[in-house]
Amino acid sequence: MTGLLEGKRILVTGIITDSSIAFHIAKVAQEAGAELVLTGFDRLKLVKRIADRLPKPAPLLELDVQNEEHLSTLADRITAEIGEGNKIDGVVHSIGFMPQSGMGINPFFDAPYEDVSKGIHISAYSYASLAKAVLPIMNPGGGIVGMDFDPTRAMPAYNWMTVAKSALESVNRFVAREAGKVGVRSNLVAAGPIRTLAMSAIVGGALGDEAGQQMQLLEEGWDQRAPLGWNMKDPTPVAKTVCALLSDWLPATTGTVIYADGGASTQLL
């Protein structure tokens, strides 16, 4: 993918550890020639240490998508890093959260609305608020890409996060309509299960042994169903799909979901 993103400036959100999908997207984007600006939430010193493992250094900005000041100042803070008069060409939204009450073995009906609403705010509404914050400094022809997970089925242990992903898909269609007015595309990538820190914790029993077993069965079944197979320890195919959407090679694709899951979502068994 050398040169695919040459000369492009990309904002990447959501790096937490070097197992984060966002980290691998950032790595592949840099290898493809992109200049990056990164955002982190909360433990910025830790995120900075992780970001230093990327092929090239990149500025790191603080971003809590529930903080209106962070959002309202984001464009100016990005401009301060890339230079006055310059704009960005792409945005990666790799942000998701659902309180423990809304996932795992906890009964679906028992999740408090306050927890569910927080999860939907961070996982879905923030896609629109991030787009609104950065569109004024995006070049026409650019793209916004968000991370999805197939929400068309009731996934074990995923519970209200599945609902949040359904909301994200709807939000994406409206973001595409608004962003299209300034020539910017908006799409989601629905990834197969990846062994991120959060997924590893669930499989390890962080949300209960039953939830861990369910997620492990989901992972194993994914590889069996996928016509191309699926390696949950290799996020590179997902990262490449995101970078393809950030490139100039899909100029008429917007408002949709691209699957990077080995084809498992198309198969019953």
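Backbone N, Cα and C define each Cβ position, glycine as well.
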Field: Per Swiss-Prot, SER20, ILE21, ASP64, VAL65, ILE95, GLY96, LYS165 bind NAD(+); matching candidate in ILE137, ILE194
entry: ILE194
Message: If you count, for each of the recorded positions ILE21, ILE194, THR266, the other Cβ atoms lying within 10 Å of its Cβ, which residue has the minimum?
response: THR266
Task: In whole Å, note down how far the CA of TYR158 (substrate binding site) lies from the CA of SER20 (NAD(+) binding site).
output: 18
- request: Could you state the whole-number distance in Å separating the C-alpha atoms of ILE95 (NAD(+) binding site) and TYR158 (substrate binding site)?
  value: 16
Message: Helix, strand or coil by DSSP: which one applies to ILE21 (NAD(+) binding site)?
response: helix
